[in-house]
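Please read the structure below before turning to the comments.
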């Protein structure tokens, strides 16, 4: 009797942009077409995998949908950083609704189920979503740097419109980067001479072309990981330096107000930094595994249990990045936490009245010309200021 081959998600290569990692056995010279291996995952392992995928999909859809709803239904949350964060949520939803369920089918079905068109469309969506995530975080870091360096700069009246255009440009750039993936992706078959087995996979290059594998994996690692995170690191180094200097140069008479302002800027910058760290942590194992397969002689399936576990771990961790952002915001932002609870339990968020103690009476000197005399006269008027009436609007609220 012929030996059956292991059915695993990495029968060929691991890729963040295509389904070479999801290729399945098409035929064996000594067995029926489409049969998988005796050492395939047991029923317990498959149940654990599917439960994990189901949790990622359901929790991710719920969290991102509530985040988007909070943004559109709450006027005070429609700020510059929140526009980028909402765009991030749309990208995550796209991945959760398409690519994650498709990836889950690879553990149950044998062979690529979605045809040549499905291969191209899903490869395009996957890379677009990854691009939206990392490029949005990059431009959001640049925005936070500008907010820290020029905290008192009044935003133009069309700041929201400009930010929406920037977010749209991120999507366009991501689609442009993903377009070659859609053009060249196809369902390829290749043969493992060691086990006399033919594999089928959705990939952006013929799997037998070793040089193309290496170029593809290296470009993905550079464009969608190393370069954006390097730019973000530069911005956050400058943010840290600016905040440190501003802390040292606070005048004594303005210390209370200035420290509150610095704390607010630090809180928003910290929120963005957490989102960046989550992206870097979640996607690193998948990138490393893809590079390992591309630059080593390990072209075909590695039957070891450790390799299978690490493959599952890297994929689950990468997909988990699409569901953790709303909960990171819930943990970091009391404002978002309040609105998140209100939307989750279908109740109205409380809008606290400003305390009387926060109002202040200010005396202003006004000089004007006395009618009929032509003489200048100075008068004093009293102005009561209330919270929220400062020159700088709440455009940085998260």
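Even glycines carry a Cβ here, placed using N, Cα and C.
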Residue 77 vs residue 241, membrane side identical per Swiss-Prot:
yes
For the candidates 10, 196, I need the one that Swiss-Prot annotates as N-linked glycosylation site.
10
Name the residue range among 19-39, 82-102 that Swiss-Prot annotates as transmembrane segment.
82-102
Pick from 163-183, 247-267: which range has transmembrane segment per Swiss-Prot?
163-183
Stretch among 121-142, 163-183, 220-240, 272-292 sharing the most Cβ pairs under 8 Å with the transmembrane segment (82-102):
121-142
For the topological domain 'Cytoplasmic' (63-81), give the DSSP counts of helix residues, strand residues and coil residues.
16 helix, 0 strand, 3 coil
Would you list the DSSP helix, strand and coil counts for the residues of the topological domain 'Cytoplasmic' (143-162)?
11 helix, 0 strand, 9 coil
Taking 3+ C-beta pairs under 8 angstroms (sequence gap of 6 or more) as contact, is the transmembrane segment (272-292) in contact with the transmembrane segment (121-142)?
yes
Below 8 Å between Cβ atoms, which of the listed ranges 121-142, 163-183, 220-240, 313-332 makes the most pairs with the transmembrane segment (41-62)?
313-332
Have a look around residue 346 (S-palmitoyl cysteine) and count the other CB atoms within 10 A of its CB, chains all included.
6
Looking at the disulfide-bonded residues 119, 202, which one has the fewest other Cβ atoms within 10 Å of its own Cβ?
119
